[in-house]
C-alpha cells in the first residue's frame, strides 16, 4: 500500500498564529511530521496587550503540557474575569469612568464567564426577567445572577493565594511575548525548524497545489501541507490560491484602530481583573491591564472619524498629550476567506478571518481552527470532504461571532453620533434575527450543553458547537438595556417555581459575600506569581 501520509508542513509567518500552529500541529502529529516556520526577520513592534477567553489553557497550553504559571510568568500575564462595558448606554466622548444613566446607576455592565445556574429546568436569566419585568427587582442582570461583579469592583483575584480557583477566568498578556515563548518551545522541545527569511513566491503543480515556497536569500522550501499565517496580507490563501475574501462591512462598520501603551501605578490603584470596553464617539476602546502598564486602542470607523481625530479622542480619555505618544495605527479588513482550506493550503488566524477584538476572539479563532484541522487532518490525497467539513465549521464559528458582535452596536441605545445611528441601520443575518426574536419573546437562546464550568470549559468539542450561549446573550442584551418584551409565558402558570427561585438568587448573594471576604487583590496575587513575594 502506498504511504500517503503528510510528512512535512510549512508554516508561513510567525507571530502568535504561526507559532501556535507550529506547536499545536507538531504536538498533535508527533515526530513523523517535519514542521518548518518561515518567518521574516523580526521588526520592532509596539506591544499593546492581548485578551483571551477561558478555554485557551485547556485547549492549547494543557494540550502542549505547559503549566499555567510557567507561561504566565514568561508572558507578563494577568487574569481576566470579564469584559466590562463602560458608557455603552449614555451619550458623549470617550471617558474612562462610567457616566450616570438617567436612572442614576453607573453606566457599566459585565460580560462574565461561566454558565448561569438553573432552577427547575430553566436558566436563572428567565426568572430574573420575570422579576424585572413584573417590577419585583431593579437589580441589574449581571449582579443578580453572577458572583463576579463585586470582585471586579474591588479588583480582587479569581484565585486564592494558594492557587485555588474561585471563578472562571481568562488572561491578559503581551502577545509578542507569547509568540517568543512559543517559538522557543517549538524549536527546543518539539524540534520545529525556524527559518528567518522573506517569502518571494510559491511554486505550484498542475493541480494548483503548492509544492514549495521561495525566499529572498534563494531558499526553496518544499512541503506537503502549507499553513498561511501571514496576517492581513494573506499571502498564500489570498494571493497564491486566489481565494475570494468575503467582506462583512455590511454587519460591522469599524475598519481602523489606533493603539498605545501607557504606564500604570499598580501599587497605588491596583490591577483590574477585567478587560474594559469603553464606548467612544465612533467606535470603542479597549483597556488591557498588564503589570505596570496597560494597553489601550480605539477601534473606529474611518467613515465617521479620521486617524488624527481618533488619536486625539483616545488621548483625551487618558489625559495624555498626543505629541508625546507613540501610536500603532492599524487598518483591517472585516470578513473571512470564502474557504479557509483550499487544496493543500490552510489559512489560520488573521489570514483567514478577522473581526474586531470586542470579545477577545482573535486567538480563539486560531486554536479553534487548529483543533478542527487536526480533527479533519488529510493525507496526500486531500479528499475534498475533509476540507469541506473544516470550512463549514470555521465559517460557522466566524459568522456566529460576527453576528454577536454586531448586536453590541445595533442594540445599544446610543444614537448621539453618526456612527451609532448608522449601526442601527445594518441588517442582522437571518439566523441571528431569529435569536433576537427568541430573546424578545422571553425564550432562552442557545442553552449550553452543561452548566458545570469544569465540564463546559473542559469539553471543547461541545463548547465549539455551543460557543455563544444564553448566558452570553443575556449579559450583553440585558446589559445594554435591551430587555425581553415580556417574561417567558409559561412562568405565569408556575408561580410556585418563581417563588422557589428566590433561594437561588440569595445563594448568589451569599457566595458573593464569601468571595469578597476571602479573595486577595489582583495586585497581591500577581506579585506573588511573578515576583515570588
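In case you wondered, yes, glycine gets a Cβ from its N, Cα and C as well.
Under DSSP, residue 40 (FAD binding site) is assigned to coil, being neither helix nor strand in the three-state scheme. According to Swiss-Prot, the FAD binding site annotation covers 14, 16, 17, 40, 50, 51, 363, on the basis of similarity to another entry.
In three-state terms derived from DSSP, residue 80 (active site) belongs to an extended strand segment. In sequence order, 51, 52, 169, 170, 171, 172, 273, 274, 275, 360 are the residues near residue 80 (active site), counting only same-chain partners six or more apart with C-beta under 8 A. According to Swiss-Prot, the active site annotation covers 80.
Here Swiss-Prot flags 359, 456, 457, 463, 467 as L-tryptophan binding site, drawing on similarity to another entry. All chains included, 21 other C-beta atoms sit within 10 angstroms of the C-beta of residue 359 (L-tryptophan binding site).
The annotation site 'Important for activity' is assigned in Swiss-Prot to 359.
The annotation chloride binding site is assigned in Swiss-Prot to 361, 362 on the grounds of similarity to another entry. Packing around residue 362 (chloride binding site) is summarised by its Cβ count: 21 other Cβ atoms lie within 10 angstroms of its Cβ, all protein chains included. In the three-state DSSP reading, residue 362 (chloride binding site) counts as helix.
DSSP assigns residue 14 (FAD binding site) to coil, not to a helix or a strand.
Sequence-distant contacts (6 or more apart, same chain, Cβ under 8 Å) of residue 14 (FAD binding site) comprise 37, 39, 40, 42, 179, 183, 229. Its own atom aside, the Cβ of residue 463 (L-tryptophan binding site) has 22 Cβ atoms within 10 angstroms in the protein chains shown. When the Cα atoms are compared, residue 16 (FAD binding site) and residue 362 (chloride binding site) turn out to be 10 Å apart. Residues 14, 16, 17, 40, 50, 51, 363 are recorded as binding FAD; their most distant pair of Cα atoms lies 25 Å apart. Counting only same-chain residues at least 6 apart in sequence, those with a Cβ under 8 Å from the Cβ of residue 363 (FAD binding site) are 16, 20, 50, 52, 56.
Spatially close to residue 467 (L-tryptophan binding site) yet at least six residues away along the chain are 397, 400, 401, judged by Cβ distances under 8 angstroms. A helical conformation is recorded for residue 463 (L-tryptophan binding site) in the three-state DSSP classification.
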